[in-house]
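Here is the structure we will look at, set down as structure tokens.
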Amino acid sequence: MSLASHLPSRSVLLGLCLLIAAGLAGIGMSALPVLQFGGTYADWPLSSVVNPQQLLTLAGLGLLIGQMGMTADGQVPALRRASVSAPRLRWIGCAVLLVGLGLGLAWREPILRLLAPIPGAEVTGFLTGPIAGLLTGLALVLPAGWRARLSLTLILPAAALLALATALSDPTLHAANYMRWALATELWIIAVFALVATLVRHRAAITGGRILASWMIAISLLYGGVEVAVRKTAIAVPYPPVSDSGAYPGFDSLLRRLDGEGN
Amino acid sequence: MSSPSLLSRSRLPVKAARAVVPLAILCLLSAPGLAQAHIIQGETGGFLHGFEHPLSGLDHLLAMFCVGLWGAQMGGRSVWTMPITFPLIMVVGGLLGIAGVPIIGIETGIALSIIVLGGAIAFRWHPPAIVSLAVIAVFAICHGYAHGAELPAATDPADYAIGFVVATGLIHLAGIAVGLFFQRIRGGELSRALGGLIGLGGFYFLVAG
């Protein structure tokens, strides 16, 4: 079976190209003010989304949703053989993704408290990005049977952590529109990859997804490992910790010194 | 999956080997600067530097390429299980490198990986999947360690890690593509010749390293 025989019609491809072009135009326009004022990539609000780590996770989530209901050979089984039809399964996947994003933002504090014991959590964005990538990669690399069962379960926490990673890596320091635009861009990227995965029903697409997943797992583990190894020791408090006991916790030594100056 | 004896199917395509082996030896001898079973010393950068690392060292490049080529030659599930296994196990070596756990003979292991993988392709060695994955895993640790040892020193270690994993994966894909293409020509003899050539190159790295 050739790959060409699995490609969608010209009109569908045109629609997909328009979607991609519209998104790229939007992203380009968001970069214009930065370029206008001589800013760099780090000044661009969407730099937290359009970076290699985040893009791989978004691509992975898109493939995961787009390939829902497909068998290992890239085929979509007939409706009567599957308990839920493939398109419906994809819509459920989209809904779970949105719920996950919402939960990540709504339960920000409890989730961060859960991740706080990770060494150097406060300077590594609580490793939310790498963990989101790891969960997405795990879901993608699973054999078809396991993937069907576990995808939805893994998309939920992955999306929640993705939302948190986006919030924590805000380069604008809480600009009013940042989260809105960042999440919209992320959803657009996921949608593009999901559509491509939906349209290309070929065994090679499933294999490609698995290979991408192995990269995502490797990158997430290395990313996490190196963040913990490097950042944990990079930011050390340059002064001794203050005592939290006494009449004026934290200020006792300073007050004693001031008293001494007075004499 | 069949596992024929190594020697019973081990004849290299003689004509092709005669033509390419002297040329390969000449190429290798004229490029001593490429003998880098390399754990780069000094300052390293971000994504691009990480991406460049597997591509700039011929030893990494050849071994990664062989993984894809061998998978394609074996066919079936091996086409994707091998390039998937490699980065996953490479992480273990990478984390050992990041942690600074001393492991001796890494560079020798990298050179051996070229010899063994190239030899496996040349002799069309098709062991059971578990054996081929174990072989891949051992060498993945060596390559991962070499990459991981540099990570903490990189300017942007996270992006560096992403760069070298993506580059490694792309080399695997190139190996698969070339392997699948060569399998269609003269019954895969070209793959075997290429494997033999790469395996011979491994001896150079073994001596130079």
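Yeah, the Cβs are placed from backbone N, Cα and C, and that goes for glycine too.
According to TrEMBL, the features are:
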TRANSMEM  B:53-72  transmembrane segment
TRANSMEM  B:79-98  transmembrane segment
TRANSMEM  B:104-123  transmembrane segment
TRANSMEM  B:130-148  transmembrane segment
TRANSMEM  B:160-182  transmembrane segment
TRANSMEM  B:189-207  transmembrane segment
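For the transmembrane segment (B:79-98), same-chain residues at least 6 beyond its ends with a Cβ under 8 Å from one of its own Cβ atoms are 64, 67-68, 70-72, 129, 132-133, 136-137, 140-152, 161, 165, 168-169, 172-173, 175-176, 180. Long-range contacts of the transmembrane segment (B:104-123) within its own chain (CB-CB distance under 8 A, at least 6 residues past either end) are made by residues 6-7, 9-10, 12, 37, 39, 59-60, 62-63, 66-67, 69-70, 73, 132, 135, 138-139, 141-143, 145-146, 191-203, 205-206, 209. Counting Cβ pairs closer than 8 Å to the transmembrane segment (B:160-182), the top stretch among B:53-72, B:130-148, B:189-207 is B:53-72.
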